[in-house]
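J.: In case it's useful when we look at the structure, here is the feature table from Swiss-Prot:
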TOPO_DOM  1-638  topological domain 'Cytoplasmic'
DOMAIN    28-245  domain 'GB1/RHD3-type G'
BINDING   G38, C39, Q40, S41, S42, G43, K44, S45  GTP binding site
TRANSMEM  639-659  transmembrane segment
TRANSMEM  663-683  transmembrane segment
TOPO_DOM  684-804  topological domain 'Cytoplasmic'
REGION    706-804  region 'Disordered'
COMPBIAS  751-791  compositional bias 'Polar residues'
COMPBIAS  792-804  compositional bias 'Basic residues'
Amino acid sequence: MEQIITGEGQIVPDLDEHITRSGIDQAGTDYHMVSIIGCQSSGKSTLLNLLFGTKFETMNEQKGRQQTTKGIHAARAVNGPILLFDVEGSDSRERGDSDALFERKSSLFALALSELLVINMWESDIGRYNAANIPMLKTVMEVNVQLFLAQSTSKSKILFVIRDSTIPNFDVIKFQINRDMENIWAEITLPDSLKDKTIHDFFDFDFYAIHHMVIQRDIFDKDISALRQRFIDEKEENYLFKEKSTKVVPGGGLSTYIRNLWEVINENKELNIPSQKLMLSRFKCEENAKAAYDQFKEKVTKTILEPMADESVNLGDKFKSNAEEAIKAANKFYHDNSWRYQQAAVEEFQQKLSTDIGDLLISYYIKHCNYYARQVMQEFTKFISGLPDSFEKGGKWAIEVQAKIDELSLRLDSTCRDSLIEGYKWQFPSFKTIKAMDDARKSYEEIMTKKLYKNIFAEEKIAFDDKASELLMIADQNMWENLRKLIEASAKVTDDRFMEIIKTNVLNPKPQEGTLKRFQRHALNIVKESANYIMMKMKTAFDRSFRYEKNGRPRVWTRRHNLNQIYEESRASGRKVLILFTYCRLASPDDQTPNNPLNQVLIPVEKSQEIEEKFEKLIIHAYEEARASVLASQNNEHIPPWAWFLFLFSCSDYILWWLSNPLLFSLTVLFGGTYLVLNQLGLWDTAVQKLLDIIKKKIVELGATPDENNETETNQTIPVEESQITPPPPTETTTDDGPVMKRRVHRSKAQGLTKTESNVTFANVSNANDEQSLTKNNTEDSLNTGSSSSGQRHRKRVRVGTLV
């Protein structure tokens, strides 16, 4: 037993917990509510305990008659889903006339809430005014009329339980009570619309007599048992709950309903009760709408949601038919269970039900449409993947792709409209799929654009490298201007080739930015790398002027050549190369940008001076070699003619014998012709050196004799500085286009040298060293043929020693 309303008229704070403990909150609408009213100490609580097994507090007879139940108490019957309300007794000494309003409020509460109102009366009090609760019954009738007027409620059912009955003819008791009720009804002022109504249009009266509990205990127990059956046995002829009352509200909202009802009654001293029918309708319609929604949710879960859990399954037309079937069933359930309530409440919760169904179903609808969206995306991906992976000249890649996007978008919109549920104006966000396809197009377009530009730039960079290397190899006065023109031309060709292809394949073609800067950075790296080999470039420029004629043939030194002038001009050619590479001038002369990396020092002053000193040491050997050749040529030219005549006359016999021998004659012609040709070409010394190299190699293979070893040690070559013959190591730099690979000395296009020129350079260095040794060991005044021959033999020994 729990108190729900205190004696002071306040709702208990834990009302929700009381209802929950009773279990009524889980009963839905499958329960009944019964209230009992009557005079104080008339045995109301005892009657409820005996009928339903409850434990309402009863009067202690040892303390005498006094108020036991204060306020309103509630408990659930043990033998059935019946919620019982034990109302504080009327006509109590404790309250007196000071607070008769509470009795009226509690009576109103019991009548408005309960399906069945039990009035507990003593048989001996029938016919009296206060003892028979005539004032309270009058209040009940007035309140019932107000409820009827406000909401056209059904009849209120009242059960009169007559206690301590002794009259054999119970009909007399019924007659007396009915007479009193009609008298009370006659005293009530009815509105014009109800003046033709009788009391029986508003109330159903039922009567039951119970014998004395103490004197007639056995009969009393039988009376209680019989009355209990009328409450719990649905098959009982006089079952009290045959008709479903509209006063029952869903158990889950009962506590809220009780609280709201009591607040209205308690705050309105004039008992201006609001529309209880509307309140009841709202509760009932809400319950029905919830049940209909649950039914709908369960059905669509089985027919739509579970099959759609597998993304590969497509319901097709079944989605729409299954959804509409579930909606129809839910609406029918709601209408069948709610049509009897007020139309305003029915329509309100019908709209709420439709909204709830729509809120649930739209997620399924979007999921269903997403299947078609995935199909569209798969088809688009397959289509775009099947196109060429690179732009073609004159192609229309973007136009073809955009046409496919438009086609798939229209198909998706049409499919989603066909799946739309009747009564709902949903719109599938197909723009997301369209955006996804457009993003994919842009992604492919960006990748292919970068690929196209990268390929064109790479091709043009190769051509640029060849031309730039040639310019760096020539290293003339116009080198920097030509490099700048080459950079601009290469950038323009790259951009033109790129735009020619891109303009027909992209909707909004835009030129790539930074092409000129990319070529400038790349050219700067090539120039820096080429500057590392400045010594070789200077030597190449010197040799090109000093060792070769203007027609490109090797120069054979004679006394007719102006050696000093040629040497100075050749040395100046080498120094010009150093000056060219000292400072980078890739930037335009009009570009005055401070700290421009295109205008930077390549070779510092200190390094430049060091290089120039090494260059002077390196080329002096070529000068000495040429000077020696001139001197030798002069000696050969000064042999007097008579000496040649005397030589031929004295050796005529030997010459004739030599010429008469075919073998010797052939060998003489062969070797003589070879010598003349090689000597004319200036390659005789080279041929002799090559022959000595082969001989020395054979000697090394067979093993040298001690004498040869001593000769080798004696004839060591004069040391040459390593920096004069060994090029600096290649460097590795990084550009926007990737690392510049290390390049070997013999790669001509990076350093401006050909392989042949490089080899000639090293040969010249060796020859120069040999001539230095020759100069140190022979005086300048030894200009005869013998000294020249001796120098040549000594030079041969030096070279053989060098090879060891």
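Each residue, glycine too, has its Cβ placed from N, Cα and C.
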J.: Among all the protein chains here, how many other CB atoms are within 10 A of the CB of C39 (GTP binding site)?
T.: 21
J.: Test of understanding: give the count of other CB atoms lying within 10 angstroms of the CB of K44 (GTP binding site).
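T.: A 10 Å sphere around the Cβ of K44 (GTP binding site) contains 26 other Cβ atoms.
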J.: If you take the centroid of the Cβ atoms of G38, C39, Q40, S41, S42, G43, K44, S45, the listed GTP site, which other residues of that chain have their Cβ within 8 Å of it?
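T.: What remains near the Cβ centre is G89, N120.
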J.: Which is it, of Q40, S42: the one of these binding-site residues whose Cβ has the most other Cβ atoms within 10 Å?
T.: S42
J.: Going by DSSP, is G38 (GTP binding site) part of a helix, a strand, or coil?
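T.: Strand, per DSSP.
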J.: Do you know which of the binding-site residues S41, S45 has the most other C-beta atoms within 10 angstroms of its C-beta?
T.: S45
J.: Can you tell me how many other Cβ atoms are located within 10 Å of the Cβ belonging to G38 (GTP binding site)?
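T.: Around G38 (GTP binding site), other Cβ atoms within 10 Å: 24.
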